[in-house]
Amino acid sequence: MKVMFVDDEIMILKGLKRAFFRNKWQMLFADSADKALKILAQEPVDFIISDMRMPGMNGAELLEEVAILHPHIVRIILSGHSDEEAAKKASFVAHQWFNKPCQPEILEQVLNHIYLIRRSLPNPNVQQVVGKIKTLPSPPKVYMSLNASLNDETVDMQKIARIIAEQPALVAKILQLTNTSFFSNGKQVESLTEAITRLGIDLVCCIVIAAETYAKIDDIPGYSIEEEQNHCLSTARLAASMVEPSLRRETILVGLLHNIGKFILYEVSPQAMSVYIEKRIVGADNIELEQQLFDADHTQLAGYLLHLWNFSYKLIENIVLHHQPLKLSQGDFGSGAAVYIASRLLRKQKVDQTFIEHFDIADKVELWKDKATDY
């Protein structure tokens, strides 16, 4: 694994070298954006970690160039400056942002996780495409703002509504989703505050992330994004009914995002996607077909993308494993297991018998099968 650090302060670069010298990483250092670009023209790297404020070209401008010239490189800002405008600009080109001082162990863990996921993608073209997708360059911003605000004990519904209201198109989508049969319970919701009050902040956060993510996806010829979105919404709701209350929010997120990798397949190769749409079996997993056509499947792509977005490893693992019942059986019955069952029941597929016997849930599966007909 090759990592480049960019900072105009030599002492900072020396400190980074000391902090990570025990790693098996190959490390490169540059004290300016211009030097970094010259090195990158000669040396391929996996990660670039840049300071924000530097003379001449700043960190955001550097990463913007890197995104164009070397889209496969994972782009990270490591900065001690809390400039809101600069942070906003960087959010469009950086996959992640860490504040100085940052514990070396945290940065090391994040980079190692992303690198392991990358190594599971054998096709370099897939890495290139995931790195340069501009419709999904960073985590859903409104969702991340909501999560940050929820750490504030003084936060109220009005503040939450103001955060969401910054994007009118998103508000419209949230209200549209809230008023579907999935969430409305028959009564029309007319205001954002009312939606938050009625549904609860956890469910609103989940609707936000679904709406914000799917809103960025371009139309795919011959493929219904709306149908896929509805399947994910139904999966999330059904799966959440199978788990303990403490796991419901995580389960809803896993359900909403479990097929996000399918939309990256089109970016990997529109031509292969046309073949996929022609040959796929509607309602089936089609994992083997994806591997044949793209050298990767949608679960691997989802895992890589969500690592770039800095979602929790536990959530990512449950998404990556949602087609692998034997591996899910190695842990407790949680969000991944629930999403696996919900997705298969909604598509009228059989649930793996060994999986059912392992968790002793034969009677429950029959009840869930009946419940699935309501979605």
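In case you wondered, yes, glycine gets a Cβ from its N, Cα and C as well.
TrEMBL has this to say about the protein:
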- 2-115: domain 'Response regulatory' (DOMAIN)
- ASP51: 4-aspartylphosphate (MOD_RES)
- 136-325: domain 'HDOD' (DOMAIN)
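Annotation note: the residue listed as '4-aspartylphosphate' sits in a coil segment as assigned by DSSP. Annotation for ASP51 (4-aspartylphosphate): spatial neighbours VAL6, ASP7, ASP8, GLU9, ILE12, GLY59, ILE77, LEU78, SER79, GLY80, criterion Cβ-Cβ under 8 Å with sequence separation of six or more.
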